[in-house]
Amino acid sequence: MRVWRVIEPYIGFLLQGFALTIFACLLAIIGAVILGGIVASMRASQRSALRWVAHAYSDIFRNVPFLVQLFFLFYGLPELGIYIGAFETGVIALSLAGGAFVSDVILSGIRSIDRGVIEAARVSGLNDVKVFLRIVLPIALRVSVRPVGSVLINLVLTSSILSTITVNELTGVAKIVAAETFKPFEVYAVLLVLYASFTTALSLAIVAWHRRLNRFMTGA
Amino acid sequence: MRFADFTPFDLVLLAQGLGVSLALFLTTTVAGLLLGLGFAVVHHFRFPFVNPLIVAVTEALKNSPVLVQLFLVFFGIPALMQIRMTPASAAFITLSLNTAAFAFVIIRAGIESIDRDQIDAAEAFGLRRIQILRRVIGPQALAFSIGPIVGILVNQLQVTSLISVIGVFDLTKIGNILNLRTLEPFIVWAVIGSIYYVCAKILAHSGARLERRIRRSYAWGEV
């Protein structure tokens, strides 16, 4: 196997990068889901100021390339006197970008809820906050697991861009290996397989989670 | 005045960068949509052995980072096949294939969304398969898929920023140059970001108008 001969001496190094990618993605996924949930509830709120701010955030972060957002934070934050590492900046940027997309999905989950359910909860004497936290959000999250999943898969693919700000995650490590071995094709082909396996595993996990959350649902 | 300050010439630079970005976006969109349509038609006619290949290639393209695909085409293919590759042609190949992969999935879903009964009816009228595809399936599949296609195009516009990494002088690369020279990241990246934002908005807006028009011209049976 020609590919294996090229990769073999660097396999530990590549796996280190892979571990960093997984770590960054897990942090960013947590950040994006929390941020997305908060922003989605802001966008569904009765106050127009909250709604406007949340909408502007998700609109901007969805329509500006991630690379530009990343450079803005990476070069801009030190100007503000905030000195954090490239890895932290990358995770923050990923969470911000992911949160914008996640909020969109959760918002449409919230909007898909039958008015009757909310009215029934109100009539039962729950106040607005409780209706939102106990009734609306659980249903919305249950509906949005699958679309959120595809956003998160996109997030994993986007994490490769962190290599441009000197984070040595999988793509960054692969760049080094490709430069040392002069075998870029083999290295990047292996990289494609690694990313594809990570995203496939993630999508399987999401399908399983979706099934588990909806195990009491009948029909759709 | 320092030599590093902003000059009026920077506007020319920005316009050049925007031109490169848009030109690459437009050409890869046309190539990608045509290729994706070709894949979908081939897939529809079920040639032996071809369908699994198309599905495998498009899945691989959809499930791997565009940056890695760019590196594979720009660094990998020249090293493997001993050919020359300019950054622009590598960017064109990668982005076209990428758009084609997403377009294929959407158009295939559009074709498959059409009721089997309609095709049976058309066959009963004696239409040939190619006629059915053009007259029955095509228009409805177009109306079905135009919305999602505009969605991926807005996304692809942002993906074009990645070609700066392999050295194409697009808008993001110009931003990089200005940023390194002026050391004003807030101004530079805010300007670059808003240019992309405006382009994306124009694209989404005109896409929505096109979608409305197509849907209106195909709407029938409603009074």
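Note: Cβ is positioned from N, Cα and C throughout, glycine not excepted.
These figures come from a predicted structure and were not determined experimentally.
The feature domain 'ABC transmembrane type-1' is assigned by TrEMBL to B:18-207.
Look at TrEMBL and you will find B:20-45 (among others) tagged as transmembrane segment. A Cβ distance under 8 Å defines the sequence-distant neighbours of the transmembrane segment (B:20-45), meaning residues of its chain 6+ beyond its ends; these are 51, 54-55, 58, 88, 91-92, 95-104, 106-108, 111, 129, 133, 137, 149, 153, 156-157, 160-161, 163, 168-172, 199.
The feature transmembrane segment is assigned by TrEMBL to B:66-83 (among others).
What TrEMBL lists as transmembrane segment is B:89-111 (among others).
Remote same-chain partners of the transmembrane segment (B:132-154), defined as residues 6 or more beyond its termini with a Cβ less than 8 Å from a stretch Cβ, comprise 29, 33, 41, 44, 99, 102-103, 106-107, 109-111, 113-114, 118-119, 122-123, 200, 203-204, 207-208, 210-211, 214-215, 218. Positions annotated as transmembrane segment by TrEMBL: B:132-154 (among others).
As annotated by TrEMBL, transmembrane segment applies to B:186-204 (among others). Within the same chain, residues 6, 14, 18, 22, 150, 153-154, 157-158, 161, 171-172, 174-175, 178-179 sit at least 6 positions outside the transmembrane segment (B:186-204) and bring their C-beta atoms closer than 8 Å to a C-beta of that stretch.
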